[in-house]
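Marked as compositional bias 'Basic and acidic residues' by TrEMBL: 1-18. The feature region 'Disordered' is assigned by TrEMBL to 1-81. Taken from TrEMBL, the feature domain 'Peptidase M24' covers 110-307. The annotation substrate binding site is assigned in TrEMBL to HIS173, HIS281. Look at TrEMBL and you will find ASP193, ASP204, GLU401 tagged as divalent metal cation 1 binding site. For ASP204, HIS273, GLU306, GLU401, the entry in TrEMBL reads divalent metal cation 2 binding site.
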Amino acid sequence: MPSKDKTQVEEKEIVTQEHEDDGEEDDVVEEIAGGGEGAKKKKKKKKPKKKKAQQSDPPRVGLSKIFPNGVYPEGEIQPYKDDNAWRTTSEEKRYDERMAMEDPEITYQSIRRAAEVHRQVRQSARKYIRPGMTMTEIANFIEDGSRALVEENGLESGIGFPTGLSLNHCAAHYTPNAGDTNVLQSGDVLKIDIGVHVKGRIVDSAFTLNFEPTYDKLIEAVKAATDTGVRESGIDVRLGEIGGAIQETMESYEVEVNGKIYPVKSIENLSGHSIGLYQIHGGKSVQLVKNDDQTKMEEGEYFAVETFGSTGRGRVVESGECSHYAKIIDAPHVPLRLTSAKSLLKSITHNFGTLPFCRRYLDRVGESKYLLALNHLVQQGIVQDYPPLCDARGSMTAQFEHTIFLRPTVKEVISRGDDY
């Protein structure tokens, strides 16, 4: 989920796979009372075979059943470079990591569990999503999978933010509201931005789908730019330098559409961001163009490194009906004149805390006729609205994003998968 710069398928039953025993059934000879050499032999009963749960199609099996030991796959490991190369073999830093893994509050298993949910859901979505589907069908498919696999449980585990399904010139912050009738077309460029959290540790990762080749180069450019941002990120790296590297990669590409050449531009007023606990935008921004930000990345921080490319002007503006909202972290305590606003705020706090939500999620928890109250909370500075962010109509935009974790010894690309 980007930070804006200020300036059907039926469910199949769980399939189980039986582990084969390593050896044959053990024969145990026991002497029967009063028997001699002719005593009968009694076979010991075979132990019950262990069963291991496997994922269904579409994915609906909770990950705790597939990983019963609570150990989830590690992300891609990238060693630190230059002045921080020593960290990889530092005994002190390795000790710090061992201690972190033993602390249930900061263990890496929470974020890795969220990442494995993300990988399995998005891989299924890639197979499932086709032109002709409504945006609501796509959102429900992704969110039903995320909720099932992460075993949604209040604020302990669940969806990290509304599923972004921004189309074409719209770059970010669109998800369907109730009654949305938009249908995916074969010429569309669809950005899919999915968030999953476990104990407030949010995995924020996105990719772009198209269904015919016109904008393949745009998608290739943005994927390469995101990989550049991930590669250049690290402890003590200045944020402005990362932006320069992203821009250089992005703008080395161009797209040909109907015989006309369009340069690919970094969208200058969107950015990646640090991620806090239950806080999708943690305070630091990784811009997509070269800038003078001397702020450094630090050990222990989580970042969403995301890039957006465009065939348009390379700048977005707010446009269209709002769907995304979030309670502000340090919201002011102001008297609310609307009883309905007080009630809605209580519901938001209980169901979402400071995690982003959308109007469909309010519908889902039983809220109704809430728009006046919601707008009042926005006006009072208690809830932030996030309208869709769009480039020039007729242009195309693409997005790729990964969550990285700056561990003491190495950089872990938490959300990396076989797909991107």
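Using N, Cα and C of the backbone, Cβ positions are placed for all residues, glycine too.
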Among HIS173, HIS273, HIS281, the most crowded of the binding-site residues [Cβ within 10 Å]: HIS173
Listed in sequence order, residues with CB under 8 A of GLU401 (divalent metal cation 1 binding site) and six or more positions away: PRO2, ASP193, ASP204, SER205, ALA206, PHE207, THR226, GLY272, ALA304, VAL305, GLU306, THR307, SER415
Site of maximum Cβ density within 10 Å, from binding-site residues ASP193, ASP204: ASP204
Residue pair HIS281 (substrate binding site), HIS273 (divalent metal cation 2 binding site) - Cα distance, angstrom, rounded: 6
Rounded to the nearest Å - Cα separation of HIS173 (substrate binding site) and HIS273 (divalent metal cation 2 binding site): 15
Residues within 8 Å of the ASP193, ASP204, GLU401 Cβ centre (excluding the divalent metal cation 1 site residues themselves): MET1, PRO2, GLY164, ILE194, GLY195, SER205, ALA206, ALA304, GLU306, GLN399, THR403
